[in-house]
């Protein structure tokens, strides 16, 4: 699950990086491209508001109006009426590329741009006073050289849109000039971001507009939301993220859930619970994998059950010959010499050992292959432990910490055999001086019974295989020293048949601790 989420984040990161590179490439072509979109509209609205207020005010009030708009917009504003004519403070340290754009704005462009200022330029580039009287184009009477009376300099009005002889119609020339964003650039050397707005102003009683240049400066590209608004981009990114999650989520959730089922099923199979199933059918490769795992579990279940059944059948078949051999040895005991008696006792010991081994095999196969014979009931722990101690560890040091009324749900015979096998194992490997500590305590809906000794213990590498049939931790151990290897296997089979689990851990400071975990009794007998 975590890896898939990481890949999803990587996918979204790659998309974000590609998008950022595309935006950076677009902006590198020129920030002026933003003026054709929402940024241009915002600048036009800001310019319209300022121009409207300036037109309705006296020129001496313009610096204060400019300052108020500067505070409202949160960026620096500068108003230029001419090359050296500023309303209020003039900008300091204007970058070279910004200066060039300002000069381009002031450069005469013929008929493409309406005349700027109040009139012609005087000496040293200063504007002269406005001309007296209306321009020649607006004089009454016939134009020079004849023609119909009217406004001189214009042909007779014609119907229909368009231009006449390459010159705009009179109605177009008389139209009210509009506020127009002129440029948006980044100052050379990282000196902020600069924008210019063409403000057509009127200074009564003049009718010709004064084209002022409103210069806006911001330390960052956003311009307090005026140049570049990050909110739409953020909303777009969130929408893309949401759509990606909506598209990916069902796919990821379906895969992770099925993989979790596969993981739980394989863990159960590894623990010997071959009845585990994935439980969900899919038509893809994961579904094929799940079907293969279930098929493998069924095959392993048949093989293991067949093996255990074979062991049980062999052990059962050996019982009758062993019984006849022991009977025959008992009959032969009479009438033998002392030397023959010694040899007979050795044979009887081997037969007894073989009989115990057969009994252990029968007990193991019964617990493993006959779950229907298990009778679950409420079993008090303390009496079972005390009886097993008296039989298996008589005379040894022991400590018991078990509440008298503490009970579990288990098969009484299987539980007693499991406890006895663990105690016998502690006595065989720990010796007569071994201290056995037994404690039990409830943990939620289960009870944990811990049987620990201070014997030599078992290596950590051998602990996972300690409950396997016929397994001895030390390969050099003989059957006399290490037993048959079925004692703890019988413990595990019996506890699991009762619905519990068993595990082994190293005991402190040394030794082995075997931990039973069984379901707690459904009711407490002591309350009756």
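Every residue, even glycine, has its Cβ placed from backbone N, Cα and C.
Where the annotation comes from TrEMBL, it is an automatic prediction and has not been curated.
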Residues flagged as transmembrane segment in TrEMBL, choosing from 210-232, 233-255, 256-278: 233-255
For the domain 'HAMP' (253-305), residues assigned helix / strand / coil by DSSP: 39 helix, 0 strand, 14 coil
Model confidence over the domain 'Histidine kinase' (313-522), averaged pLDDT: 84
